[in-house]
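Asks: Below is the structure I would like to discuss, written out as structure tokens.
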């Protein structure tokens, strides 16, 4: 079974590019990362930074998660991210996404030993 840390990497990490390469980025990434297999995942964020830099956020600014849990951390610096949001015309299995490039602080939930990101909570 895929670990929570591995799932985070599959769903949110794209260290190989510094930003979204084209407007098709989200359509392609959501499909290739299996985020449209049994439904269209409505929203997803990819982070264009090294895994080490994202894992380091687990020791940065301690903040509350959206659900009120306390295991979330906000990055001290802004990171290059791409937000993928399902469009109005998107219909499974033909999932369609709007690609939005941004530089923002990320908020992740961390757990385990080693203490690593397992959930992408928000960007601010």
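Including glycine, each Cβ sits where the backbone N, Cα and C put it.
From Swiss-Prot, for reference:
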ACT_SITE  12  active site, proton acceptor
ACT_SITE  119  active site, proton donor
BINDING   7, 10, 41, 42, 43, 44, 45, 66, 85  substrate binding site
DISULFID  26-84  disulfide bond
DISULFID  40-95  disulfide bond
DISULFID  58-110  disulfide bond
DISULFID  65-72  disulfide bond
CARBOHYD  34  N-linked glycosylation site
Asks: Among all protein chains shown, how many Cβ atoms are found within 10 Å of the Cβ of residue 26 (disulfide bond), not counting that one?
Replies: 25
Asks: Just to confirm: which same-chain residues, 6+ apart in sequence, have a Cβ under 8 Å from the Cβ of residue 43 (substrate binding site)?
Replies: 83, 84, 85, 86
Asks: Using the residues the record lists for substrate (7, 10, 41, 42, 43, 44, 45, 66, 85), what whole-number Å value is the largest Cα to Cα distance?
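Replies: Greatest Cα-Cα span of the listed binding residues: 22 Å.
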Asks: Please list residues from the chain of residue 95 (disulfide bond) whose Cβ is under 8 angstroms from its Cβ, counting only those at least six apart in sequence.
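Replies: 27, 30, 31, 36, 40, 41, 86 - these are the non-local Cβ neighbours of residue 95 (disulfide bond), listed in sequence order.
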Asks: Distance between residue 58 (disulfide bond) and residue 12 (active site, proton acceptor) at the Cα atoms, whole Å?
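Replies: Taking the Cα atoms only, residue 58 (disulfide bond) lies 15 Å from residue 12 (active site, proton acceptor).
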Asks: Return the count of C-beta atoms lying within 10 angstroms of the C-beta of residue 58 (disulfide bond), excluding that atom itself.
Replies: 20
Asks: C-alpha of residue 34 (N-linked glycosylation site) to C-alpha of residue 12 (active site, proton acceptor): distance in Å?
Replies: 12
Asks: Let me check the 10 A CB neighbour count of residue 40 (disulfide bond). How many other CB atoms are there?
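Replies: Result for residue 40 (disulfide bond): 18 other Cβ atoms within 10 Å.
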Asks: My understanding is the cutoff is Cβ-Cβ under 8 Å with a sequence separation of 6 or more in the same chain; which residues meet that for residue 72 (disulfide bond)?
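Replies: Non-local contacts for residue 72 (disulfide bond): 62, 63, 64, 65, 107, 108, 109, 110, 121.
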